[in-house]
Amino acid sequence: MPKRGKKGAVAEDGDELRTEPEAKKSKTAAKKNDKEAAGEGPALYEDPPDQKTSPSGKPATLKICSWNVDGLRAWIKKKGLDWVKEEAPDILCLQETKCSENKLPAELQELPGLSHQYWSAPSDKEGYSGVGLLSRQCPLKVSYGIGEEEHDQEGRVIVAEFDSFVLVTAYVPNAGRGLVRLEYRQRWDEAFRKFLKGLASRKPLVLCGDLNVAHEEIDLRNPKGNKKNAGFTPQERQGFGELLQAVPLADSFRHLYPNTPYAYTFWTYMMNARSKNVGWRLDYFLLSHSLLPALCDSKIRSKALGSDHCPITLYLAL
């Protein structure tokens with residue numbers, strides 16, 4: 001996602017953390033909760049222990065990770081690959097790679113087991129957008145884009161078909177500073193929804209990536225200040241809701257953790273937003289409803305550094 005505060009006009013709470021004298025703590029305990037709800041104080045998210053069995057007790061057999069890396073080369077320099085090696089996913093999906101295929105860093109070949117690698121990037125915009133999909137298992141079929149020329153120029157979608165499901169990784173367009181691309185985003189949302197509905201009619205679907213929208217108020221720290229900003233406009237939120245209903249798909253994280261607050265995947269580099277957890281949940285694993293019995297866990301790895309987004313991980317028992 002473009003840098004909010006540098007490239008995007010997204011309101012974030014810039015107040016510094018306040019410390020209180022011991023004598024005042026008892027008097028201000030109630031106020032602290034109010035401040036946290038308003039995005040004015042520390043309210044951190046702790047990723048719970050991984051659940052590696054399905055509701056019926058089947059052990060997880062597939063682990064997928066997704067990460068907006070905000071530039072492959074910079075991410076590698078920040079030790080992003082070290083985290084991937086430790087996490088050891090079966091499939092790794094990357095967004096905002098900002099790298100054409102002929103300039104991919106050699107270090108990517110060092111990833112153990114992820115030898116089947118697929119990349120998409122704009123042909124005429126070096127250093128912009130781009131997605132990647134790396135897998136232990138060779139997919140049955142791989143395709144790029146959503147089949148519409150207007151939407152397939154920026155390297156935003158890879159589709160990989162496996163035996164029991166289809167995986168789509170996407171870097172959804174940002175509505176931009178001043179919402180200059182909001183109309184385009186709405187056209188994208190409609191076309192993407194139709195495309196996914198067609199895929200899901202043939203085989204269960206997993207959609208992952210930076211979907212560039214915080215669906216509900218619980219999904220960002222400062223909802224009141226962002227209702228007219230990219231990523232939280234009524235139009236984008238409605239488009240996301242229509243996607244869930246029409247395809248149909250389930251938000252795996254909210255399916256398991258419907259009321260968990262402060263669970264974000266993106267923080268602007270500005271104003272110490274990450275240390276204060278002033279963030280947005282923009283990255284998702286969405287699943288066909290037929291896959292919900294196989295859902296073991298949907299994780300937000302908020303402590304993993306290397307980008308302005310953190311990685312997310314999905315466990316399925318297929």
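Cβ atoms are placed via backbone N, Cα and C, with glycine included.
What you are looking at is a predicted structure, and each value in this text was computed from that prediction instead of being measured.
Features as listed in Swiss-Prot:
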| type | residues | note |
| --- | --- | --- |
| ACT_SITE | Tyr171 | active site |
| ACT_SITE | Asp210 | active site, proton donor/acceptor |
| BINDING | Asp70, Glu96, Asp308 | Mg(2+) 1 binding site |
| BINDING | Asp210, Asn212 | Mg(2+) 2 binding site |
| MOD_RES | Lys6 | N6-acetyllysine |
| MOD_RES | Lys7 | N6-acetyllysine |
| MOD_RES | Lys27 | N6-acetyllysine |
| MOD_RES | Lys31 | N6-acetyllysine |
| MOD_RES | Lys32 | N6-acetyllysine |
| MOD_RES | Lys35 | N6-acetyllysine |
| MOD_RES | Cys65 | S-nitrosocysteine |
| MOD_RES | Cys93 | S-nitrosocysteine |
| MOD_RES | Lys197 | N6-acetyllysine |
| MOD_RES | Thr233 | phosphothreonine |
| MOD_RES | Cys310 | S-nitrosocysteine |
| REGION | 1-60 | region 'Disordered' |
| MOTIF | 8-13 | motif 'Nuclear localization signal (NLS)' |
| MOTIF | 64-80 | motif 'Nuclear export signal (NES)' |
Measure from the CA atom of the residue listed as 'active site, proton donor/acceptor' to the CA atom of the residue listed as 'active site' and give the result in Å, rounded to a whole number.
5
So which recorded positions out of Asp70, Cys93, Thr233 end up within 10 angstroms of Asn212 (Mg(2+) 2 binding site), measuring C-alpha to C-alpha?
none
Roughly how many Å lie between the Cα atoms of Glu96 (Mg(2+) 1 binding site) and Asp210 (active site, proton donor/acceptor), rounded to a whole value?
9
Just to be sure I understand: of Cys93, Lys197, Asp210, which recorded positions have a C-alpha no more than 10 angstroms from the C-alpha of Cys65 (S-nitrosocysteine)?
Cys93
Tell me the residue counts in helix, strand and coil for the motif 'Nuclear export signal (NES)' (64-80), as DSSP assigns them.
7 helix, 5 strand, 5 coil
Compute the C-alpha separation of Cys93 (S-nitrosocysteine) from Asp308 (Mg(2+) 1 binding site), stating it in Å without decimals.
16
For Asp210 (active site, proton donor/acceptor), which of the recorded positions Lys197, Thr233, Asp308 has the nearest Cα in space?
Asp308
Out of Asp70, Lys197, Thr233, which of these recorded positions is nearest Cys310 (S-nitrosocysteine) by C-alpha distance?
Asp70
From the Cα of Lys197 (N6-acetyllysine) across to the Cα of Asp70 (Mg(2+) 1 binding site), what is the distance in angstrom?
29
Cα-Cα separation of Asp308 (Mg(2+) 1 binding site) and Thr233 (phosphothreonine), in Å?
21
What kind of secondary structure is the residue listed as 'active site, proton donor/acceptor' part of, going by DSSP in three states?
strand
Let me know how many other Cβ atoms fall within 10 Å of the Cβ of Asp70 (Mg(2+) 1 binding site).
23
Give the three-state DSSP assignment (helix, strand or coil) for Cys93 (S-nitrosocysteine).
strand
Between the Cα atoms of the residue listed as 'phosphothreonine' and Lys197 (N6-acetyllysine), what distance do you get, rounded to the nearest Å?
24
